[in-house]
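Going by TrEMBL, these are the annotated features:
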TRANSMEM  5-21  transmembrane segment
TRANSMEM  41-61  transmembrane segment
TRANSMEM  68-86  transmembrane segment
TRANSMEM  98-121  transmembrane segment
TRANSMEM  142-163  transmembrane segment
TRANSMEM  175-196  transmembrane segment
Amino acid sequence: MDAYFGFMTIIAFLNFYHWRSAMGWRAMKFSYGVKDTSGPLFLSCVCLDRFIAVLFPIAFGQLKDIKYRIGLTIIVLLLTFAYASAKMIGGLPNFEKVFTGEVLFAFTWMVVCNVAILWALKRSRGAGKDEMNPMKRKAFKMVLSILIIIISNYLPPVAMFPFEDHYPRKIFICYVQPVGFAFVNISSTIQPLTYLSRLEKVPFLPDSCVEKLSCKEKEKPSNK
């Protein structure tokens with residue numbers, strides 16, 4: 001979804017400065033609808049998966065069947081394409097409030113899940129130990145970084161969009177909306193790069209480049 005939105009920005013520039021096509025503008029509105037919905041909803045699914053895995057490991061073991069993930073993915077895709085199609089068609093009354101409600105729900109859910117995971121990992125130290133084991137410390141740092149990204153990308157629209165009725169219409173459309181959506185748009189770059197930086201192997205990059213760009217901690221050579 002992020003790759004699709006990134007590709008469509010090229011189409012947008014060509015359409016703004018060269019084609020000036022109504023079809024190109026509709027395609028761009030559809031891509032914005034895909035980005036607005038797929039990002040928060042799929043991130044919410046990832047947070048749900050990690051939340052159950054950490055706090056309810058027995059239930060997580062019973063729900064590991066791929067059919068549950070496929071079913072949830074299909075639901076998110078249907079919601080995404082329904083929202084994107086409505087955004088592309090336009091003219092629906094109070095349509096902006098649909099995104100406001102969605103991002104409020106997704107943001108609240110993601111923050112609650114990640115805070116609960118951090119709290120559970122913090123409490124899961126062994127008896128008489130002051131520090132977490134390396135695997136849990138690594139998971140703690142990863143979840144904390146995800147929480148920071150979620151707050152930085154989604155807090156501005158969450159803080160501004162619910163007060164749409166308190167702004168003059170032109171002020172909201174010309175100033176408030178662009179600022180809020182700018183933070184959401186940049187998440188389509190930050191989140192994939194954060195994910196790729198933690199991979200041990202990236203299919204389209206040589207190992208030497210991955211080692212230089214990776215944020216993963218390098219293993220110290222053994223003295224044995």
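Backbone N, Cα and C define each Cβ position, glycine as well.
Nobody curates TrEMBL annotations by hand; they come from automatic prediction.
By number of Cβ pairs under 8 Å, the transmembrane segment (175-196) is matched best by 5-21 from the list 5-21, 68-86, 98-121. Sequence-distant contacts of the transmembrane segment (5-21) (same chain, six or more residues past either end, CB-CB distance under 8 Å): 27-28, 31-32, 34-35, 185, 188-189. It is 98-121 that, among the stretches 68-86, 98-121, 142-163, forms the most Cβ pairs under 8 Å with the transmembrane segment (41-61). Here the transmembrane segment (98-121) has Cβ contacts under 8 Å with residues 36-37, 40-41, 43-44, 47-48, 50-51, 54-55, 83, 86, 132, 136, 139-140, 143-144, 146-147, 150-151, 154-155, 157-158, 161-162, 164, 184 of the same chain, all six or more residues outside its ends.
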